[in-house]
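According to TrEMBL, the protein has these features:
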TRANSMEM  B:7-27  transmembrane segment
DOMAIN    B:98-304  domain 'ABC transmembrane type-1'
TRANSMEM  B:104-125  transmembrane segment
TRANSMEM  B:137-158  transmembrane segment
TRANSMEM  B:178-200  transmembrane segment
TRANSMEM  B:243-265  transmembrane segment
TRANSMEM  B:285-311  transmembrane segment
Amino acid sequence: MNSESDLILKVDNLQTQFHLSRRVVKAVNGVSFQMKRGRTLGVVGESGCGKSVTAHSIVQLLPKMGRIVDGSITYYSSNGAVELSKLKRNGSEMRAIRGKEIGMIFQDPMASLNPVFTIGHQIAENITQHEKISRAAAMERAVEMLTMLGIPQASTRIKDYPHQFSGGMKQRAMIALAMVCNPKLLIADEPTTALDVTIQAQILELMKEMQHKYGTSIILITHNMGIVADMADDIAVMYMGRIVEFGTVRQVLGSPRHPYTRALLQSVPVLGIAKGERLKTIRGSTPDPSDMPEGCEFAPRCDFATKQCKTVPADTDLGGGHRVRCWNCMGGLTT
Amino acid sequence: MLKYFTFRFLSIIPMLFVVTIIIFIGLQLTPGDPLTYLIPPELLASANFDLASYKKAMGLDAPLYVQFFRWFSGMLQGKLGYSLVDGTSIATMLGHRLPATLELAAAALIISSVLGIVLGLISSVRQNSAADYGNTVIGIIGISIPEFFLGIIAIQIFSIKLGWLPVGGRLDYGESGFLSLLKHVAMPALVLGFSLTAALMRYTRGTMLDVLGKDYVKTARSKGLPEWKVIVKHAFRNALMPVILLLCFRLPMLIGGTVIIESVFGWPGMGGMLLNAVSAKDYPVVMIATMLTAFMVLLASFLVDLLTALLDPRVRFD
Ligand SMILES: Nc1ncnc2c1ncn2[C@@H]1O[C@H](COP(=O)(O)OP(=O)(O)OP(=O)(O)O)[C@@H](O)[C@H]1O
Ligand SMILES: [Mg+2]
């Protein structure tokens, strides 16, 4: 089932740290996962758990103080496997992959477009960087892309500057920018958090359509469980820089085995929730990553913690690719 | 947009008017009467000298505001008047001196903007490197050491000790070539522009560091653009505007600085003329010289507006 040929990305024991002047922030602490072609991986977790840092590590777009200190990131291109974490940050090999093989949509679409260039120019620039193509032809493709994403009169709007676009339109422009070269892998970091719910649904629908059309694999980062249930094939639940539960949507949402995943699911409002019934919150708050608890990092907030949880839990494989990082996952969890 | 800028340009005239009134009043307030300089004291003391008719002939008997309007309307028509001290036409004086000052100021402006921006860029891209620390030291020197002192040191080193550059002046006798001009203007222009260079460098560095942390720079990198393109095209294009604003705001200081630098380097410009005129209470000359400075300041602020509009797509006039 896991034959290498249908893998697009393999991340193994990724560790990323920020070396600040006084302390070291361990943002990602040994993340491992595999992604198959054409599928969507949803990455969920509380704010600050390391979702964005993981995404940025893959394409080496970390801030200056950020460093991949250990682990490997293997990208399977059509010309064979490439070890991304060993490439030079802004070297030509890494740059040939960025934009062309792996497209990125960042968390804040409002700030992700350059205010002094037209939308068309910014989208076309991605094409001209990777293909031998005339400026005019690139613009043409940018127009096509925006039209496909539902921007009316794209051929004139393309001459607009970002400030002339609404938030939803900027988000579409960002998707167009990231997808215009038909990347094999699209990393979308909370692409819809800044938008209202109807536009959010539209944008996600568009991403699905594009995926169907081009067979793109998508890493979708969000803290919205509803979006994950709707969009993803696989789910990685992150807590404190680690993946605590990984599996298909059916496995993780259908029979969540990690207490954190369960708590997360119970804290999501569901339509038709009985009136007066209260949403559960996870007690306590995320500890500071520079001050990790000993053993299982979720133990201090866990209702099921035992003595064993003072030691670092191992990944338990529950079969079918479902793995959980918890001592008590084999049963005994009752809610 | 053209309409706006025509209007904006024409509005310089009323502002100049206000500035000249202030200068005029200021000069009236300073002690001393120009006549006491103009007329020999013996004549003034002699019994048959008719001061009133003399004043009348010179137009000095009219009320102050009439005097002022006469002067202002004359100036607008290009009648700049005559020096009280030696009677030469001010227009002729300016014809000789203004080009020299403009040349010095322009050279200083070009040198310091290119140098300041390039060094600032290097500092921001190689933050905390040896080059960055070196630039910081230059910056502190530039901001803290007065220009005339720097000028004297520069003459000591480059002209007297090393003999590379002339001590002063604009052209050697009998010479006219561009090279000779360059040799003469290099040192005064560098000294004059030194603090501007330092300021621009610090400011470019700061603005660039700020811009380099922006998400759109990350977007540019995510397209696989080479690093120079990310920095020069995507980042610097955004840092340019505040830097140009700083440049324009500092322009008046640069022009003011010429007065001292010109006398340190014996540069035959407006600076020397203004110094002589002030000490001799030659007020027609002082009026014209300060007014020209005011004009350049107003022009600089006009340029700020113009460049802001041209560089920032978000600025619109409709
Ligand atoms: N530039 C940085 N310098 C220092 N620490 C950082 C930096 N960027 C991220 N971190 C730290 O790394 C950790 C993970 O951050 P990350 O941005 O990946 O969170 P996230 O899961 O994406 O959260 P959110 O849902 O809020 O986007 C956080 O503890 C954060 O404080
Ligand atoms: Mg994030």
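In case you wondered, yes, glycine gets a Cβ from its N, Cα and C as well.
Packing against the transmembrane segment (B:104-125) from elsewhere in the chain are residues 131-132, 135-136, 138, 185-186, 188-190, 192-194, 196-206, 208-209, 212, 231, 236, 243, 247, 251, 254-255, 258, 261-262, 267, 269: each is 6 or more residues past its ends and has a CB under 8 Å from a CB in it.
Below 8 A, the CB atoms of the transmembrane segment (B:137-158) and the transmembrane segment (B:243-265) form 3+ pairs separated by six or more positions in the chain.
Counting residues 6+ beyond its ends, the transmembrane segment (B:285-311) has Cβ neighbours under 8 Å at 1, 5, 8-9, 12, 15-16, 19-20, 23-24, 27, 71, 75, 80-81, 83-85, 90, 93-94, 98, 240-241, 244-245, 248-249, 251-252, 255-256, 270, 273-274, 277-278, 317 in the same chain.
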